[in-house]
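> Input: one structure, supplied below.
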Amino acid sequence: MFMFRNCAVLLVIGSICCFIYGLFRLHVEVEPNACRMTYMFGEPMFAKVGVRDGDQYPNYALYYYYEGLRQPLDPLKRRMTGAPVIFVPGNAGSYKQVRSLASVALRKAMSNDAGIHLDYYTIDYDEELSALYGGYLHRQQSYLKLCIRTILSIYEGRTEQPSIVLIGHSMGGKLAQSVLVDPAIGQHINTIISISTPLDQPVLNLDTQLEEFYDQTDAVLSKLRTATVPTMTTNVCDSLHQRPPSVQRMASQDSSARLDNVLLISTGGGNRDLLVRPGLTSSRFNDLHAMTSAIPKVSLSCDHLSAVWCLQFMQAINRFLFSVAYVREDRSSIAFGTNKQRNLQTALSTFVKPRRRQQNTVRFGAAGNWHEERRLVINKYFTNGLKGTFFDLIGLQRQERYRKAAIEALNVDDEDWLFGCSAEDNNKTGQLYCEKATSLMHLVQWLPNEDREPRSIALLDLHNLRKTYVHWTHLLVRLPPSAKRIGYNLDIYDPKERVTDIKMPRWYTMAKLPLINETLQGTLHHRVRISEMVDPYQSIRVIVEPLQCINPEYRVTARICVPWAAGFERFQTLKSFDQKPQLYVNVPTLVPRHYNTTLNPVTLELYLDPTCRYRISYEYSYSSALSRLVLEFYGWLPAHLVCVLLIVLRKQVETFYDVGTFRSLRPYVGYLQYTSLYIVTACRLLKKLIISSRVFPEPEPLDYSINVSIVIHCAAIALSLLATLGTWLALTLYGNAFYRLALRITRLSQATSNVMISIMTHLPITYGILTIATAMGTCSGVGLLLAFVFYFLMLSNAYKDYLEDFLWQKAANLVRGKPSAVTEQEDATEEQNEEQNALKQNDEQKQQQQEEEEPEACVGLQNFSFHVTLLLMLFVQLLLNAPSSLAWLRSRRHGINLPDPSLYPSIVVLASLSLLLQLRAPQKCQGYWMLSIAFYILAGVVLLYCQAAIYRLTYVIAGAFALLSAHQSLWILWGRVSRV
């Protein structure tokens, strides 16, 4: 038992250190921001647009964006000819965030020969915290519908009513998606682009209003739109460009859902976005998802705020919008095309860069610089560029085992450079050439290379090419004239030598494992397939160490593909010896149930610099895994903290120390524990029983490793200890400071506050009446704040009084128990000896009387450890109500009444707390074993039902307070009845 206790303590300490290190690495070791700033070329101007029936939303507004015009512009009085786009800001977002998008569109319209231009509108939501308080969302959704109707009325003079594009950032993307639940509005929506939006579930589920908003949107869209759900056989790495089910049904003319004609595009910021993690940015109702690190000509990670001003990303979005817009036949206005399949292909070209299926035939003459290559490895560069077109023919007839070819072109932008053809002899020169050739650019993939020379590569199966095109004899590489360095690389190889299968290392695997001891010179491509990578916190560090390079700078591009997560393709780049030669591989979402990762592994494609030789190894990345664990699961911390407090309270409620002992002074009694870890393991088994029995509600579907729960729970234990010690210091040292702060906030005089504290200390029921009335008159958070302040001051005064009595008692005991000075004088009288003997006899008699009397137990406010735990639970309840309190505070100035989702649980907490103080709880009584069982059950409920749905914790805390007050009340009532 002693060994087990020591191991448990070490486990708690180790988990705490892991959590702190993961938190540190998450915020410190972040890749640099490579976004370029978007600058306005004219003064940004916002013209307010009057919204019909918008008077009921006094704090909202609709604006039209324009630049440079000195005179005010009113879209309602002016003929608008552009294609309408609405920008919807998100959590605490400003309507002015549209500037980057709209300014890029204005510049692009000036250089557009077709005359296409866009009209950008933006909504002012008063920078409301819509991600923290769900009561905002229904109001914002209703106002967005009014804005759409108003904008449609501006363009109602057209022969055809235009369709609108919605661009939403953060929670604005969810609002844009939610308007589709109204078919009357949905039929006017052309495309919705969401930027870093938690689409299918919120980042933190903090109240019932937020959960209801997501559930209602999901339920309606399930009926009106075709959903895409990964199955056991899904593998997007084998078919990256498969069409979504909605488009397939439309193309086959099956009975398609009503809203399948709306194109939904979602984007995620990648590793730099610490507010909305990548796994939340996709939706099962989407047609296309892309990470900014994989978008062509963007190829970087954006944090949550830079996603709305990153120039490369803004250009990509506007490039798509201009591609789907067209000028009407009468050239009177601009509109967005309504052919969804065509728009989707354009979106794929912009955000994914798909393989182009159409193959065009190009004719070449015999004139030109023609060459034939038969080598397996070719590295051909022209440092000073080319004055004319250069042709290289690569024979298809190879040995049987050399069936794969990787061909890379450098500094060839968008021109066709790869073809297949049937070569013939030139009668004049005797050289081979191709009269006509078929483009293979649909097999070419563009690779990000930061600001260096563009890379594009094609991976070809020579056997399939020979079978498909029997008459072909050669591949043709055409390099256009260029003043820059240009060239290409060729690597023909046996695919068995370039594919390596590995398993995800276990977390206890400490060693670095070899992958390739040394690559051959000229190696261009290598594929690594990783099985058993199933959890989003798991991470592998792949070390690509250059052993010898011709040039001081090299280039390695890694492409990571997760087979069950469409649109989460990511690229990473290594480019110099100064950079750490490491890549990180992880997955954005949990693997689907019963998914076989051996048949469909995570794929890591390594595109190497052929002028280098490399040593490649891999290991379990503890630093990356811990940072991802914190990022993915920090939302579980409140539930585990409440679980710890319940287990601590279960122990404290039946533990009574004697008055005057040192233990009674320690409010952290019970927090140095590890027994709450038993609840974590027990809930894993209990969850399976609940699911199989189908009697109780189904627990939250959080099928993660138990290691995650242990680390988060140990972090909660540490947090509870820190909170308790902080409360102890505040009670002891800073009680007066908090008292003065409370006086300044409440603006009460010291005499008045002293009277109120005295009344509430001696008659705590008035404390409950005051706080409950405040909660019902304002909001629950204000009542809880008032209760917390008074409870803290009452506890601080009681602790100071008790500490003062304790010190005086100890001092008196020392004085009484101090032996009289033994005089060494020989002339000491017998009277002094008799007096000393009399004093000793009196002290012995008093000591015997004290031993015979039963020691007094610490009850009421003297049981400080119990009340400190109640104070912390009240503080947790206050924090859970903070978003709704902020919403109430902001809405007061506009006279808006918003729902208070936690009012009733807060009233229960306030009433129970006042009753406990009135009864001087806790009292020594019977029945604490039943209360302990109830607290165990509540702790299990927290871990089964409240880790993701954080708002349910308010009901659990209210239940704990109610059980405590009911137990104390029934015992006192039973005692009085039994006396009668």
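Including glycine, each Cβ sits where the backbone N, Cα and C put it.
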> Where Swiss-Prot splits the chain into topological domains, do Phe866 and Arg976 land on the same side of the membrane?
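Swiss-Prot topology: Phe866, Arg976 on one side of the membrane.
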> Among the glycosylation sites Asn427, Asn517, Asn596, whose Cβ has the fewest other Cβ atoms within 10 Å?
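Selected from the glycosylation sites Asn427, Asn517, Asn596 on minimum Cβ neighbours within 10 Å: Asn427.
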> Just the number: how many Å between the Cα atoms of Asn517 (N-linked glycosylation site) and Asn596 (N-linked glycosylation site)?
29
> Quick one: pull the CA-CA distance for Asn427 (N-linked glycosylation site) versus Ser170 (active site), whole Å only.
66
> Do the transmembrane segment (775-795) and the transmembrane segment (955-975) come together with 3 or more C-beta pairs under 8 Å, pairs six or more apart in sequence?
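No; fewer than 3 Cβ pairs under 8 Å.
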> DSSP on Ser170 (active site), three-state: which is it?
coil
> For Ser170 (active site), which residues in the same chain are close in space, meaning a Cβ under 8 Å from its Cβ, but six or more apart along the sequence?
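When sequence neighbours closer than 6 are ignored, Ser170 (active site) has Pro89, Gly90, Asn91, Gly93, Ala131, Ile195, Ser196, Thr197, Leu275, Val276, His304 within Cβ distance under 8 Å.
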> As a test: from 629-649, 868-888, 955-975, pick the stretch that has the greatest number of Cβ pairs under 8 Å with the transmembrane segment (896-916).
955-975
> In the same chain, who gets a Cβ under 8 Å from the transmembrane segment (930-950) while lying at least 6 residues past its ends?
201, 204-206, 211, 635-636, 638-640, 642-643, 646-647, 649-650, 653-654, 676, 679-680, 682-683, 686-687, 690, 697, 699-700, 702, 709, 880, 956, 959-960, 963-964, 967
> Where else in the chain does the topological domain 'Cytoplasmic' (917-929) make close Cβ contacts, counting only residues six or more beyond its ends and a cut-off under 8 Å?
653-654, 656, 760, 763-765, 767-768, 794, 857, 859-861, 863, 866, 964-965, 967-972, 975
> So which residues does the topological domain 'Lumenal' (889-895) touch in its own chain, when a touch means Cβ under 8 Å and the partner is 6 or more beyond its ends?
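The answer is 58-59, 126, 128.
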